[in-house]
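Visitor: First the structure, which I've put down as structure tokens, then a few questions once you've had a look.
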Amino acid sequence: MKTFINWLKKPSISKKLIVSFIAILIIPILILEFSSYRSASGKLDQEIMGNAKNSVDTFNTTVTNDLGEKAKAVTFFSESLKRSAFKGKSNQEEIKAKFSQYVSINQGVARIYGGADNGTYVQAPKEKLPEGYDPRQRPWYQDAMKAGGEIVVTDPYVAASDGSMVITIAQELKDGSGVVAMDITIDKLLEQMKQIKVGKEGYAFIATKNKTYVAHKNHKAGEKLSGDWVAKMYANDSGELQYTLNNEDKKMTYTTNELTGWKIAGTMYMDEIKDASKSVLTTGMIVLIASIVAGGILILFIVRSITKPLKRLVQSSKTISRGDLTETIEIHSKDELGELGESFNEMGQSLRSLISAIQDSVNNVAASSEQLTASAGQTSKATEHITMAIEQFSNGNEEQSEKVESSSHQLNLMNEGLQQVSQTSSDITKASIQSTEIAGTGEKFVQQTVGQMNSINQSVQQAEAVVKGLEGKSKDITSILRVINGIADQTNLLALNAAIEAARAGESGRGFSVVAEEVRKLAVQSADSAKEIEKLIQEIVAEIDTSLHMFKEVNQEVQSGLVVTDNTKESFQSIFSMTNEIAGKLQTMNSTVEQLSDRSQHVSAAVSGIADVSKESSASIQDIAASAEEQLASMEEISSSATTLAQMAEELRDLTKQFKIE
């Protein structure tokens, strides 16, 4: 874990992409797995408890139908019998015959009997009674007389005659002269109750309204109910409740039989729902692992396809920023990264051409500066010779003619030197102007590159906006698929309920059961298809998110390219400024050379005047001396300017040496 954290602390685009993609891959799957597990647990709970409730309700209906028919018979006898029916032996025999006939044709009826308010008792079939038996002292008689003509159903009890579980249904005679009652065996009902399955290990039980067991898997009949859940169950006529019994969580569904007041309940262990849901969890984990493996391979491929060109682009940009203009960027993709690589290559080619032209111009300027310096030196020496000749001429008239000729010869040499200086200065000026134009062209190339980089940036932002739109639409489709999936689940549940109802209907519902099964299969297929589509949409959303991260990183790299291009632009602006400054110096030097040429002509005219007018030699010599001194000062200025020009050319050469073009 510590190694992974240290790995994350080192920032890189590949790490960011890998972490982002893995998070986008795992988080939705975990959320979907958690929600699927919760949903499956809830649906299994609803399905199992729904089946249990249906079984309990069905058994409750069976109890009502079975005992209801017997209660109607008791009501019939209570309305047809009167006080006179118990008087006289013939009347009593007639009653017994009716009772016997009903017992013989109705299974589950143990006996029918009646008692009058005078103590008379009639029963069928005939059984031996205790001596002094008085029906008026029996609970069934007393409860019925207190009920005011309503049906009375006793709690179940074990019959002393045959050990069967029976209940008694009793009702007061219509004229109030006695009570008629019927003992009914409920062993068959109890056997049906034992067949009720609630989950795998759950069971059903019956309790009386007096909170005693009628039938239970682990308790005897008549045993009192105990536990916190008892009060909750008797608080409502029907419902569901959760409770803990013997440190085990259980869930119960129950209802109340209207005729008997019994509580009919089905209970199961909560662990069954958890065990049934484990298969969903296991399947989800398998899907998660498979998705991580497949997604990881795809993520590595995508990350490498993005970061590999970016690394080459960054490395080449650093090489170019260090002055190596021979570097080329090889990106063969046709996307924005490929276009950016082509733009960098075009910029490098433009820079190489520009630097090469500048170096040629600088070499020409340096050579011309050296020639100018040499010519200025020669001219300075000639001027010194003229000055010395004038001084010698002023010392004696005898040497005047020779000095004048020597001065005339030196002036001719000086004129030739000045013409050479003028031509060299003109060449340097042209080279400087050409360098300025080339620097301006380079600056335009850089500005065009900046414009193209900005265009790429706008294209990336527009593509990012389009991808975001696709992401929103994909999420809308996912929402619709979830609705379809919910409808399919509901259809599946309805089909299961229909199959249960068809199973209860027996042979008459077999066709409906087949149709329900087909509907359930279609619902399952629809749900599976919806899940597959939802999975595909989620993969599309993940790829869209990947594209968005790619656009952001490309946008950042484009911004870095803009910074590098701006730095290059500033360098060319500096070169352009220096070439302009050199052009200004050259123009100043041209003006100085022109002035020097004019002065040289004046000196030549003065020397000619010396040859023609000897009398004015003294004044002419002074003029020549003054002109010679001015000429010497001008030559020193030219020499200084040439030196400065040579230094500036050397500095410009040093600047261009930073760039490698071959």
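Here the Cβ of each residue, glycine as well, is placed from N, Cα and C on the backbone.
These came from Swiss-Prot, pasted as-is:
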type	residues	note
TRANSMEM	17-37	transmembrane segment
TOPO_DOM	38-282	topological domain 'Extracellular'
TRANSMEM	283-303	transmembrane segment
DOMAIN	304-356	domain 'HAMP'
DOMAIN	375-611	domain 'Methyl-accepting transducer'
MOD_RES	E630	glutamate methyl ester (Glu)
MOD_RES	E637	glutamate methyl ester (Glu)
Visitor: Where does E630 (glutamate methyl ester (Glu)) sit in the DSSP three-state scheme?
Guide: helix
Visitor: Could you give the Cα-Cα distance between E630 (glutamate methyl ester (Glu)) and E637 (glutamate methyl ester (Glu)), in whole Å?
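Guide: Pair distance, Cα basis, whole Å: 10 Å.
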Visitor: For the domain 'HAMP' (304-356), jot down how many residues DSSP puts in helix, in strand and in coil.
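Guide: Its residues divide into 39 helix, 1 strand, 13 coil.
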Visitor: Give the sequence-ordered list of residues that share a chain with E637 (glutamate methyl ester (Glu)), lie 6 or more positions from it, and have CB atoms under 8 Å from its CB.
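Guide: Within the chain, E637 (glutamate methyl ester (Glu)) has Cβ neighbours under 8 Å at T592.
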